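Written below as structure tokens is the structure these notes are about.
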Amino acid sequence: MAQVVATRSIQGSMLSPNGGSVSTRSEKLLKPASFAVKVLGNEAKRSGRVSVRSRRVVDTTVRSARVETEVIPVSPEDVPNREEQLERLLEMQQFGDTSVGMWSKPTVRRKTKIVCTVGPSTNTREMIWKLAEAGMNVARMNMSHGDHASHKKVIDLVKEYNAQTKDNTIAIMLDTKGPEVRSGDLPQPIMLDPGQEFTFTIERGVSTPSCVSVNYDDFVNDVEAGDMLLVDGGMMSFMVKSKTKDSVKCEVVDGGELKSRRHLNVRGKSATLPSITEKDWEDIKFGVENKVDFYAVSFVKDAQVVHELKKYLQNSGADIHVIVKIESADSIPNLHSIITASDGAMVARGDLGAELPIEEVPILQEEIINLCRSMGKAVIVATNMLESMIVHPTPTRAEVSDIAIAVREGADAVMLSGETAHGKFPLKAAGVMHTVALRTEATITSGEMPPNLGQAFKNHMSEMFAYHATMMSNTLGTSTVVFTRTGFMAILLSHYRPSGTIYAFTNEKKIQQRLALYQGVCPIYMEFTDDAEETFANALATLLKQGMVKKGEEIAIVQSGTQPIWRSQSTHNIQVRKV
């Protein structure tokens, strides 16, 4: 039986001057300005006056709040005066000034998730804890580097963090190496100049100033005279001039410093290698044994690869979601079937920009995001997002815009690679990503749903309830509480993008960690009782205790999905309650 319940009429909630929902929405819109107001406000306190610039920050935010809430009539009591607003903003602490105990607050406020690659710069207990404070939602292990022992250490540390922290959880992603073509080891980097001749050979162990080996036996067969060979996605480039049975002779087009084990691409071509190599299968087995949450599968060319991997996981009894990395020219014609077979996609722009004309990458990024959203799949934007912060403490303005564009286009998550794996400023990079995503989200109009989303789900009753719960959240300015054992309803709600946070309560630790990837979802572990009302009350008490909601705030409660929890009482249930 389907049931929709409200503690008071929806119309009353919209019109009541004491409902509090409008002021709550105003506060949420005001929060992103806290950094500017805090900095400027401190100057004002020292000088004994409020600066004109800080007034402008508040004025702009107030105008944004008015635009957002024009649909709902309000009385003067609903909107605090400017002095109260300024005082509240000055009292708010900027993220990073607080201790670990305050981590839940920025998590609730920021919807776009952050994937951080853990490497030599961050693979200690202290750094993983600090990355979590800085905003990391998913810890990624790049299997192209390191060994199983080093990755096991990171997995154990993340699991330790999850066990010790009640108000946050970090998911674990294992990124397969895939069929990469790489140059061999060099005793020291080789400096190459434009016009110079250079040779790549399939003979192992060659490393001279004019020739280096590659790790792929069919390399010679895959290239032809006139092909453009790119190193590390275009940091260096070579024109193929001729080839023999075991070597490829090139002319340096864009020079630079060639280091050991550099990634090689041929523009417009993909290597004729299987998408999942023998090493990948070893790494996948390692992931099963250590119960990771996600596989990011490199260089997926067709859906068959995904089906093969999922069959293996099913036979192994492993509940691990598969994220396909779109980074091969061969994957573009099969994009729809690949994403359909998967649980999500990663826009891996580095290799994608090497195999395709670079000007196509932003167009493909938007298309892949839109396709994933219309199909109800998670989508991650990756590669070079804050590349300059590997060596510099501040990002370029273009990088900041890049993050904002990904957030505005609707990505579930944005990813840091070398920035946190081996960069000099991993915590600052994560902090920049958090701040930019948070500020961008404050400017996005709620209620923008992807077209054809309903066609992606077979459970039409759950769809309907997710849609109406989203409408309720957007109309009343409320957050949403959902109870789930499988994560299905929380993921479905996430793709509808309600304006408020989705608090997903689950009694499964595995589901809690998985939901850490999805936009707008704050996963919380809680044991469910046999009584729905008691569980609802416990959930609201938890949110109140953690400071995630305020007393008197309205919350939409959803209980629906593929495996209803309290089947005897109601299969599908939406309520609006006051905390």
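Positions of Cβ are set from backbone N, Cα and C atoms, glycine also.
Since the structure is predicted, the reported quantities are computational estimates derived from the model, not experimental observations.
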Same-site residue for substrate (record: Swiss-Prot; known: Arg140, Lys325, Gly350, Asp351; options: Thr112, Thr165, Thr169, Thr383): Thr383
Number of other Cβ atoms within 10 Å of the Cβ of Arg182 (ATP binding site) across all protein chains: 17
Rounded Cα separation (Å) that holds between Thr176 (K(+) binding site) and Met143 (ATP binding site): 5
Lowest local Cβ density (other Cβ within 10 Å) among binding-site residues: Arg140, His145, Lys325: His145
Max pairwise CA distance, angstrom, over record-listed substrate binders Arg140, Lys325, Gly350, Asp351, Thr383: 18
Asn142, Met143, Ser144, His145, Arg182 excluded, remaining Cβ within 8 Å of their centroid (ATP): Gly146, Asp175, Lys177, Glu180
When distances run from the Cα of Glu327 (Mg(2+) binding site) to each of the binding-site residues Asn142, Asp175, Gly350, Asp351, the nearest one: Asp351
